Amino acid sequence: MTSSGPGPRFLLLLPLLLPPAASASDRPRGRDPVNPEKLLVITVATAETEGYLRFLRSAEFFNYTVRTLGLGEEWRGGDVARTVGGGQKVRWLKKEMEKYADREDMIIMFVDSYDVILAGSPTELLKKFVQSGSRLLFSAESFCWPEWGLAEQYPEVGTGKRFLNSGGFIGFATTIHQIVRQWKYKDDDDDQLFYTRLYLDPGLREKLSLNLDHKSRIFQNLNGALDEVVLKFDRNRVRIRNVAYDTLPVVVHGNGPTKLQLNYLGNYVPKGWTPEGGCGFCNQDRRTLPGGQPPPRVFLAVFVEQPTPFLPRFLQRLLLLDYPPDRVTLFLHNNEVFHEPHIADSWPQLQDHFSAVKLVGPEEALSPGEARDMAMDLCRQDPECEFYFSLDADTVLTNLQTLRILIEENRKVIAPMLSRHGKLWSNFWGALSPDEYYARSEDYVELVQRKRVGVWNVPYISQAYVIRGDTLRTELPQRDVFSGSDTDPDMAFCKSFRDKGIFLHLSNQHEFGRLLATSRYDTEHLHPDLWQIFDNPVDWKEQYIHENYSRALEGEGIVEQPCPDVYWFPLLSEQMCDELVAEMEHYGQWSGGRHEDSRLAGGYENVPTVDIHMKQVGYEDQWLQLLRTYVGPMTESLFPGYHTKARAVMNFVVRYRPDEQPSLRPHHDSSTFTLNVALNHKGLDYEGGGCRFLRYDCVISSPRKGWALLHPGRLTHYHEGLPTTWGTRYIMVSFVDP
């Protein structure tokens with residue numbers, strides 16, 4: 001047998017065998033062994049798996065003629081992934097070769113298909129076969145399988161692989177017929193042992209000119225040789241190079257435990273992706289959803305398995321997906337009591353939007369694996385479920401056409417590539433370690449950064465993916481896909497698909513969105529999203545920075561100057577203002593507005609206010625990051641020639657009330673410049689208030705919520721806080737560059 005993958009697995013090997021020893025001038029016309037028209041590739045496959053279709057795609061690329069044996073038949077050749085077997089392949093080949101028993105001008109290459117890729121042309125294959133001087137050339141490997149005791153009977157080899165591998169051989173039809181007609185064993189007997197014993201017969205080996213491809217000129221078996229193989233990129237083609245023997249193999253065989261490495265190579269060879277042409281096969285199987293017809297029915301499964309920042313925004317994005325909601329059934333599993341209010345707020349909209357909905361809450365006490373099994377099985381058991389779309393709450397799909405795009409890719413399983421903003425952390429692994437955990441593939445960074453764009457066969461995907469419903473029903477009918485082992489649910493899921501020979505595809509052809517970081521999300525805060533400026537800066541900005549801030553920074557005429565050198569610009573969103581005030585009131589320990597202040601190094605405040613420092617609520621670092629990221633650039637734009645490090649020791653929220661502290665006496669600030677942000681609405685939350693700059697006799701009487709006043713501090717801008725006459729006024733103040 002060949003040391004191949006789970007049976008029925010078949011290997012694709014494309015060697016070429018020599019005609020009888022004779023000079024070119026002695027050969028009759030029509031019997032040129034380098035004539036591709038006289039070459040036939042025979043392979044074996046009982047089902048049109050993705051591996052088989054990949055093999056055919058590579059054969060079609062080079063215009064090979066392929067004959068497949070066994071399609072639609074039952075595999076009775078044993079579990080060749082775990083033990084000996086594969087004899088059924090020899091029986092099928094024996095019968096097929098009867099057709100060519102007298103074809104002396106014909107060359108046959110036999111290869112498996114599920115784990116084989118062709119990397120060279122028929123002409124190259126035939127030339128290399130002729131150069132081998134053989135009538136039948138087998139592929140070679142480093143292991144004597146399945147009987148190590150036969151190793152000593154093999155001829156010594158100076159350089160190269162010593163032992164026969166039956167996953168690929170090439171030879172004259174008459175010679176192959178002479179070999180396989182000797183098969184008289186059972187279907188689950190070992191094919192490789194059969195060929196090995198014939199090869200080890202010295203008389204037969206010499207009589208039939210049997211040889212091994214010791215240096216991988218034609219056949220590259222990957223098992224035991226991964227360190228020898230590298231990708232060789234040409235402008236519009238990719239192949240592998242064996243650096244140990246400096247050869248360019250024509251047939252690449254992922255025998256034994258090297259299926260994932262073959263998948264990696266198959267992303268490139270022969271034209272999966274090239275530096276000049278990009279993705280060569282991406283559009284080959286695409287199927288555009290026809291207009292005017294209802295699109296496929298989708299089961300959308302959403303999982304909230306841990307405390308997750310910005311969940312209300314995630315739920316609102318579900319309503320914006322560019323896909324007819326009447327064709328979507330929503331399943332939502334929430335494992336967190338903390339998020340129940342968020343889901344309750346959005347659930348009426350979700351119920352009205354989608355064709356059907358189901359909510360499973362924390363009271364069900366389902367593990368993440370059990371919840372995922374439940375959702376997937378609901379699709380599996382529904383004949384009308386055409387696609388299963390799994391989406392975790394820590395994904396941010398900014399491309400609203402994601403679902404439509406993935407369906408049109410027409411793959412059994414496909415995920416959109418998502419990564420954390422500015423990080424290499426993503427929702428896929430490019431390779432696995434020997435114990436099936438994360439390993440970084442050579443192209444991982446290029447894929448995450450989209451320097452190489454295409455559709456990729458990877459060993460692990462998570463957090464967002466689409467699966468065909470019929471794939472679940474026919475190829476993965478068991479329910480316990482996620483919870484059937486002790487491993488992480490996503491790892492168990494991926495292994496289940498890999499073990500079935502189902503490819504896990506990843507598309508990075510489009511910008512789909514990003515992932516959220518969740519590990520440091522602290523739900524002890526009243527509004528924990530406020531603290532996400534470091535971990536999830538893009539989402540934080542979208543939620544908490546004023547929608548017109550960027551336009552103001554770009555000089556689009558939004559910034560105002562109500563007083564000399566006093567600039568007014570939009571900075572914080574309404575939500576940021578509200579949550580900042582709520583955090584302060586929730587903390588509740590307002591200073592008394594006295595001169596004595598134990599929070600200060602000297603214990604004395606010259607111009608006291610009723611306030612709470614950012615440091616008191618644990619928000620100092622986050623606020624300083626806001627100053628660096630948003631206030632610093634604006635300051636340098638408004639005051640040309642000044643460079644700020646946006647340092648501030650005093651950052652605090654001030655509360656003005658008529659019965660508490662209604663105003664603030666004239667003073668200079670201990671800063672190079674001061675930031676003063678209104679946190680609520682005049683006329684709605686309070687009356688009065690405002691700021692007067694005494695030297696210029698200039699008053700700003702109606703501060704706008706979320707807008708910041710930016711002005712010089714010490715020396716020039718002597719100012720006072722005007723009395724608040726009704727309600728409560730809140731402002732955020734920073735003394736920057738003291």
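Glycine residues also receive a Cβ, built from the backbone N, Cα and C atoms like all the rest.
Among the features that Swiss-Prot reports, signal peptide is placed at 1-24, with the record citing sequence analysis.
What Swiss-Prot lists as region 'Required for glycosyltransferase activity' is 25-290.
Taken from Swiss-Prot, the feature UDP binding site applies to Val44, Ala45, Thr46, Asp112, Ser113, Tyr114, Gly256, Pro257, Thr258, Lys259.
Long-range C-beta contacts of Asn63 (N-linked glycosylation site), restricted to its own chain and to partners at least six residues apart, with a cutoff below 8 Å, comprise Pro36, Ser121, Pro122. Taken from Swiss-Prot, the feature N-linked glycosylation site covers Asn63 (among others).
The disulfide bond annotation in Swiss-Prot covers Cys279-Cys282 (among others) and is backed by similarity to another entry. Sequence-distant neighbours of Cys279 (disulfide bond) (same chain, 6+ residues apart, CB-CB distance under 8 A): Gly272, Trp273, Val453, Gly454, Val455, Gln509.
Less than 8 angstroms from the CB of Cys385 (disulfide bond) sit Arg297, Val298, Phe299, Thr329, Leu378, Cys379, Gly469, each of them six or more residues away in the same chain. According to Swiss-Prot, the feature disulfide bond maps to Cys379-Cys385 (among others), an assignment based on similarity to another entry.
As annotated by Swiss-Prot, N-linked glycosylation site applies to Asn548 (among others). Long-range Cβ contacts of Asn548 (N-linked glycosylation site) within its own chain (separation 6+, distance under 8 Å): Ile558, Pro570.
Annotation source Swiss-Prot lists disulfide bond at Cys563-Cys698 (among others), citing similarity to another entry. Over all protein chains present, the Cβ of Cys563 (disulfide bond) has 21 other Cβ atoms lying within 10 Å. In the three-state DSSP reading, Cys563 (disulfide bond) counts as strand.
Summarising the annotation, Swiss-Prot assigns 2-oxoglutarate binding site to Arg599, Tyr656, Asn676, Arg729. DSSP assigns Tyr656 (2-oxoglutarate binding site) to a strand. Non-local contacts of Tyr656 (2-oxoglutarate binding site) by the CB criterion (under 8 A, 6+ apart in sequence, same chain) comprise Val610, Pro662, Ser663, Leu664, Tyr686, Gly689, Gly721, Thr724, Thr728, Arg729, Tyr730, Ile731.
Look at Swiss-Prot and you will find 647-738 tagged as domain 'Fe2OG dioxygenase', backed by sequence analysis.
As annotated by Swiss-Prot, region 'Important for dimerization' applies to 672-715, with the evidence given as similarity to another entry. Sequence-remote contacts of a segment are chain residues at least 6 beyond its ends whose Cβ falls under 8 Å from one of its Cβ atoms, and for the region 'Important for dimerization' (672-715) they are 546, 562-574, 576-577, 580-581, 627, 631, 634-635, 638-639, 644, 653, 656, 658, 662, 666, 721-738.
In the three-state DSSP scheme, Cys379 (disulfide bond) is classed as helix. Looking only at other Cβ atoms within 10 Å, the busiest spot among the recorded positions Val44, Cys282, Cys379, Cys698 turns out to be Val44. Confidence for the domain 'Fe2OG dioxygenase' (647-738), expressed as mean pLDDT, is 94.
Nearest neighbour of Cys698 (disulfide bond) by Cα distance, taken over the binding-site residues Val44, Ser113, Arg599: Arg599. Taking every pair among Val44, Ala45, Thr46, Asp112, Ser113, Tyr114, Gly256, Pro257, Thr258, Lys259, the residues listed as contacting UDP, the largest Cα to Cα separation comes to 21 Å. Sorting the domain 'Fe2OG dioxygenase' (647-738) by DSSP state (H, G, I as helix; E, B as strand; all else coil) yields 3 helix, 51 strand, 38 coil. Cα to Cα, Cys282 (disulfide bond) and Ser113 (UDP binding site) are separated by 21 Å. Checked against Cys563 (disulfide bond) by C-alpha proximity, the binding-site residues Thr46, Ser113, Thr258, Asn676 yield Asn676 as the nearest.
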